[in-house]
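What follows is a set of notes on a single structure, which appears directly below.
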Amino acid sequence: MTQLEAAQVGQVTRAMEQVAAREKVRVEDLMAEVAAGRVVIPVNKNHHKLQPCGIGRGLRTKVNANLGTSTDYPDIAAELEKLQVALDAGADAVMDLSTGGDINECRRQVIARSPATVGTVPIYQATVEAQEKYGALVKMTVDDLFRVIEMQAEDGVDFITVHCGVTMEVVERLRREGRLADIVSRGGSFLTGWMLHNEQENPLYAHYDRLLEIARRYDVTLSLGDGLRPGCLADATDRAQIQELIILGELVDRAREAGVQAMVEGPGHVPLNQIQANILLEKRLCHEAPFYVLGPLVTDVAPGYDHLTAAIGGALAAAAGADFICYVTPAEHLGLPTLADVREGVIAARIAGHAADLAKGLPGAWEWDREMARARKALDWQRQIELALDPEKARQYRRARNDEGAVACSMCGDFCAMRLVGEYLGKPSETC
């Protein structure tokens, strides 16, 4: 029985109890949200080290960190270091997007070591293997693809990105309308190339019931990928993107009917004034399925700073109702991220998520900020560092820029506003 099936018959699972305790919500309320499909709890029965997290309505905004080998950098040990950095920085989930070296070993090591939710994009491995076996990705067979999907599910992957909405109809609509950046999703481009070469429908769409059978067997959550996500602002919210979203909404319904949890992936590159509309469309067309967004990035001109462009968009998206943010690192559009890039990406996404949780009024979010305000008023530097989203960086700045034992900070010194006002009000900062 999957998490969804259990919830639908009123059965509280251990995963639901764990998530409810962490989120400080009633388990009965959480179960109702899971039963309705508005919350997913990705829990593969073979991921034994997992500490489950819930994604969806009424819960804290979650953050995912991508890692994985490439053909240029196939070092598994380096990616496992990134895994630990991401976990230490507070990532709720990680995705192994490996395309180089021993892909199976990398994934299995990530699953074995990660207490966080683990996701993959199976088409990546299927494509790499087709290239090695046949000399061309377009020669991949339907069975090749589903063999990889089942293998990854059996290994313990909690959710998989599957670009089921890239259909012949959607691709034709893209061709007719035209785009500046065309298709930027790797999975979407692989499938489009395969479809056009073989003159066949997307196997993930044509054989969706087969996909559902595998997902139900292992309780793998489907993350319905946006293969037509906009890769630049000029392409945002166009016909192809929305047509794919309509199809994904229909596939969400079919997944729920089959007892399989599903969430929906979203853009991408979106100008600020279109973000709220994108969230509204997903929630409406996909019947409030949890929304997993890549950023979105709000400008195309900041390579090297795209963790910031994504955090700006992510905060607005999550405040409008998105549930899950995929981090973007400073290396986005430029190269494979370093350990430092991974940390920066996770922290930026967490800031965005927390800012959104404040706007949503989620339990606990406001108390965290109130505690920080009290510590600042009291000039309690140790408490401020403890409460910081990134205590390590806060501690470094405090030590580097201030004399040991200084009551105020080096920005204001004797002219500290907290101290001066506290003294005039007869309420010294140190005792606030």
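Including glycine, each Cβ sits where the backbone N, Cα and C put it.
Swiss-Prot names M95, Y124, H163, S185, R186, G187, D226, G227, L228, R229, E265, Y292 as substrate ligands; from the candidate set N46, N66, N198, N278, the record adds N66 to that same site. Using a 10 Å Cβ-Cβ cutoff, C416 ([4Fe-4S] cluster binding site) registers 16 neighbours.
Taking N66, Y124, G187, Y292 as the binding-site residues under consideration, the smallest Cα distance to H333 (Zn(2+) binding site) is found for N66. In sequence order, V94, M95, L97, C326, Y327 are the residues of the chain that are 6 or more apart from N66 (substrate binding site) and have a CB within less than 8 Å of its CB. For H269 (Zn(2+) binding site), the nearest neighbour among the listed binding-site residues (Y124, C409, C416), judged by C-alpha distance, is Y124. Y124 (substrate binding site) counts 20 other C-beta atoms within 10 Å of its own C-beta, drawing on all protein chains shown.
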